[in-house]
Amino acid sequence: MIVVENKMLLIGGSRSALGLLAVRRACCLSRATHSSPHALEYKPIKKVMVANRGEIAIRVFRACTELGIRTVAVYSEQDTGQMHRQKADEAYLIGKGLPPVAAYLDIPDIIKVAKENDVDAIHPGYGFLSERSDFAQACADVGVRFIGPSPEVVRQMGDKVEARALAIRAGVPVVPGTDGPITCLSEAQEFSKTYGFPIIFKAAYGGGGRGMRVVKEYEELEENYQRAHSEALAAFGNGALFVEKFIERPRHIEVQILGDKYGNVIHLYERDCSIQRRHQKVVEIAPAVQLDPHLRDRLTADSVNLARQVGYENAGTVEFLVDKHGRHYFIEVNSRLQVEHTVTEQITDVDLVHAQLRVCEGRSLPELGLKQDNIRINGFAIQCRVTTEDPARGFQPDTGRLEVFRSGEGMGIRLDSASAFQGAVISPHYDSLLVKVIASGKDLPAAAAKMHRALAEFRVRGVKTNIPFLQNVLSNDQFLYGTVDTQFIDENQELFNLKPVQNRAQKLLHYLGHVMVNGPTTPIPVKAKPSSIDPVIPPIPLGDPPVGFRDVLLREGPEGFAKAVRAHKGLLLMDTTFRDAHQSLLATRVRTHDLKEIAPFVAHNFSNLFSVENWGGATFDVAMRFLCECPWKRLQELRALVPNVPFQMLLRGANAVGYTNYPDNAVFKFCEVAKENGMDIFRVFDSLNYLPNLMLGMEAAGAAGGVVEASISYTGDVSDPMRQKYSLEYYLKLADELVKAGTHILNIKDMAGLLKPDSSRMLIGALRDRFPDMPIHVHTHDTAGAGVAAMLACAEAGADIVDVAVDSMAGMTSQPSMGAIVACTKGTKYNTGISLDNVYDYSEYWEVTRGLYAPFDCTATMKSGNADVYENEIPGGQYTNLHFQAHSMGLGHKFKEVKKSYTEANKLLGDLIKVTPSSKIVGDLAQFMVQNSLTRSEVEERADELSFPLSVVEFLQGHIGIPHGGFPEPFRSKVLKNMPRVEGRPGASLPAMDFQALEKQLRETHGDDISPEDVMSAAMYPKVFQEFKEFTHQFGPVDCLNTRLFLDGPKIAEEFEVELERGKTLHIKALALGDLNRAGQREVFFELNGQLRSVLVKDTVAMKEMHFHPKALKDVRGQVGAPMPGKVVEVKVKQGQVVEKGQPLCVLSAMKMETVVNSPLSGTVVKVYVNADSSLEGDDLILEITE
């Protein structure tokens, strides 16, 4: 603690009471006049200009205000919105028309403003003109005091070579270096020959790391010389350099000095500035840790001696390097206030800016109570420079608008900031410093703990900051308990293992704002709004749910589970409400949020269900693609809520949950990870009933420890003797193979709802006779309306399990009604044991919930089922999707034709089993035929020249397997021509997937927060997963939002809550939507947890430019038009290229269907009118070809 002789001149800024400033200054004047030996030299300062910007300008203004001195700010044209303008009593524009930095280097303009406004002293801050002797002289020339050393001392200290010579004269050790600035590269080459490498270039007329380059070998010399020269020239207006021998692994120690006009010089001890990046300080500490007391004495003595020799006045810093042997070497003197002066103030309780002002007025250090014997070290202080730099990208500066700024505060924390406030714009023109955080404590660990806590309290959104990096530094043991040198950052790469900033609240506001401005992010099939009524969750009993079939599975394993199912009295039900029902009725759009709400009710009231189907199939990619949520998280969360009922998923055999072939190890790994996350039963099917694909899926599910439910996809009609391609014998033989392969349960998958009561009794009865001990499970759809009757017939014929959906989600293209089956079997030997009252409550929840998905509800375009499914055989989910697609493509009035074309397309392809992905192939071909007004005979006739959908081409190549009865000929040969064909099981020839390499790639792209589940998502759907990660990075965890908010956003003045996690709830109110700005953005205002927040959102409609794409003329043979509306995925040719007839030209994509556009003739490409990502309408011109 400093003992101050003059009680009226206490130095600590916090001790100056603003209300008594005038009285104190009067007392000071009186005392100086009557008692000071230097009274004639004392001249009070009335108005101070700071020729600088940002936090240092504000720091000086505050000190001036505390001393009753009026303040003047200057600012560039780019700084009109900066806070330092507002903190001063007056502010004036300088450097009009000049570049941003040049404005603050405009000496004539600064002096002109000072004189015009009666400024009697100028504080230069740091950087800019602070070490320019010509500026100090310009001030003196017009009678304005320069708050710093004399112009001559500034010149001497600013000239690194002269400063070095002065140090040698004062007996201070120096690093070997050039005697003066070098003028050319050859001088640097000569120096390096004499002293060897490494060497370092330094700017002769400035510091701060600019113009500084380390050269470790001769080959780097020329490039680094040029870079150092240009940096110095840009930063200081003079590119002069000098060269020194580079001291490796030194500590960077600097000593704070303070002198007055009367030859008094003191030191305020040292600071350790060794933690640097590219020679720029990042963290500063005072005093230096574990510094030998004798070394401290030598450093401080040398600093004071040097300052006295040159007659140093005001504040300054003498910088040294200390090598590993404890030898110190003079580097330079910074004849100004340093950025890190704050830590010295904290440990000595000396206000350096107050002292600067008083010394400039003519006060002596003893008068100010500043005697060396009175200066004591009290504890430790750390300064962290919080910057808008991204450590993960080499500390690249970030710019933009501060959407959120909340600082850390509390005991032991000091903040020196500038324009750090919500709404501030971080400019690319100046330093990236946002705020200086200073922490004080009794020792270094205590100060570090306070700093770490304060940094953790910061919330900075809108720009990247270095806070995660600083937190890593503060947690480093070497930093806390050892000594660090200038290589600390370079040698501790773990400092760059940055904990991602969650920023969940602000990201969600961005999402909500985006929806309010631009509408839903997921495609909306029909113009309908989500219901405003929220579903009511039925009462749920307290405690754990009752024991269910899953307990049997966990206790007895898959084999014992299958025996228990077969031995069960009564009919078992599988509830498809959580997957296939909403896939069929609501385009698979039901979100985890709504499933989680009702899941506990299911666990408590439907414990005797065989299983709940809730995962796999289309739900996997749709979750990421359209709902922007993780399918694995859905599985994990539902498993926690429903621990007692088995879960069932749909596995597409060798295709897993995708639409393509995967390496065998990918399918095995997927099943393993699914089982680990809570999946129990794997319903394994193949879209063609292709046995090799089925077997692979069964093996993968079995190897994972799951229950294997092998599925036979049903089509045709076994009761119709005229349709014998898929006869009863066909199904029985297939079942023989699956039972031999070891399936635990046999499933009939009637995906189109083709089973009639008679065919049900025939098929199930025959299977029961052949396999008396095998549990039989039947799945169907109710498109024709006969589903309940068919399932009751299956039960009578010996089926153990049938699929149902809760009543409000049943019927039409979904499954038969749960309530109907329960009611019809009540009191019979097929009694399900399920309470109808529970079914009613369950149904009521889904009836209201379904209203939230009105934009996707099939009833918007389809009012009933249709018995024509027995003719067209369209699977339930696809029936709905085709209906939506037909309407979205303007073919709603032609849906009857689409269905007829589906029948014809099926015949063209040889009468296929139709289930994803084979059903999609038939559907793509059907839509292609309708879009191009083609009949079946025309397609067969022109097969060698038409541009078929990609899915059709790949099917004919054999990409999904071999259909029963083989491929259709000659259609296949005409379409494929000389294209390659796949022989045997498609995935068998694929190389194994390298999961370690994939995980490494994902971590490089998305950071270390990559789970095994993420790896599997990327393995199944690489592009979809990439887009999903990009979306969540931008918009955060949108799965926390309720469905109406997710789809439609909030209404103005609406208040709502969002639970991020247990115990963390956001209270949000939508306030207003701003007008369009020049950048095509709208500002959306919210209240978040009682605080105003706003986000800028691009208005995508307003930003679209008018665009008219030329159409292809049908009578011009060489003009190739788009066969359908869509987006260009890939352009395969370029202008001037010679192409052959039938050669692929480009690939279009629309509604998940890709089409390859082939050349209609041989010739040369004259012009290409599209590129990747171009959006096209039908007949838009793609390119022109001349023969």
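Using N, Cα and C of the backbone, Cβ positions are placed for all residues, glycine too.
Here is what TrEMBL records for this protein:
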type	residues	note
DOMAIN	44-494	domain 'Biotin carboxylation'
BINDING	LYS160, GLU244, HIS279	ATP binding site
DOMAIN	164-361	domain 'ATP-grasp'
ACT_SITE	ARG336	active site
DOMAIN	571-840	domain 'Pyruvate carboxyltransferase'
BINDING	ASP580, LYS749, HIS779, HIS781	Mn(2+) binding site
BINDING	ARG652, THR916	substrate binding site
MOD_RES	LYS749	N6-carboxylysine
DOMAIN	1117-1186	domain 'Lipoyl-binding'
MOD_RES	LYS1152	N6-biotinyllysine
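Annotation: ASP580 carries the greatest number of neighbouring Cβ atoms among the binding-site residues GLU244, ASP580 [cut-off 10 Å, Cβ to Cβ]. Taking the mean position of the Cβ atoms of ASP580, LYS749, HIS779, HIS781 as the Mn(2+) site, the remaining residues of that chain whose Cβ falls within 8 Å of it are THR576, ASP750, MET751, THR780, ASP803, GLN815, GLY876. Across the domain 'Lipoyl-binding' (1117-1186), DSSP assigns 0 helix, 39 strand, 31 coil. Comparing Cα positions, ASP580 (Mn(2+) binding site) lies closest to ARG652 out of the binding-site residues LYS160, GLU244, HIS279, ARG652. For the pair LYS749 (Mn(2+) binding site) and LYS160 (ATP binding site), the C-alpha distance works out to 85 angstrom.
Sequence-distant neighbours of LYS160 (ATP binding site) (same chain, 6+ apart, CB under 8 A from its CB) are PRO181, LYS202, ALA203, ALA204, TYR205, PHE242, GLU332. Non-local contacts of THR916 (substrate binding site) by the CB criterion (under 8 A, 6+ apart in sequence, same chain) comprise GLY617, ALA618, ARG652, TYR659, SER687, PRO875, GLY877, GLN878.
Summarising the ATP site geometry, the residues cited as binding it (LYS160, GLU244, HIS279) extend over a maximum Cα to Cα distance of 17 Å. Per Cα geometry, ARG336 is the residue among the recorded positions ARG336, HIS779, HIS781 nearest to GLU244 (ATP binding site). Comparing Cβ neighbour counts within 10 Å across the binding-site residues ARG652, HIS781, the minimum falls on ARG652. Of all the binding-site residues in the list HIS279, HIS779, HIS781, the shortest Cα-Cα distance to the residue listed as 'active site' is found for HIS279. The highest number of surrounding Cβ atoms within 10 Å, among the recorded positions HIS279, ARG336, LYS749, is found at ARG336. When pLDDT is averaged over the domain 'Lipoyl-binding' (1117-1186), the result is 85. Cβ proximity to the ATP site centre (mean Cβ of LYS160, GLU244, HIS279, cutoff 8 Å) flags the following additional same-chain residues: GLY177, ILE200, PHE201, LYS202, ALA203, MET212, PHE242, ILE331, GLU332. Using a 10 Å Cβ-Cβ cutoff, HIS779 (Mn(2+) binding site) registers 27 neighbours.
Here the CA atom of HIS279 (ATP binding site) lies 70 Å from the CA atom of HIS779 (Mn(2+) binding site).
For the pair HIS279 (ATP binding site) and HIS781 (Mn(2+) binding site), the C-alpha distance works out to 71 angstrom.
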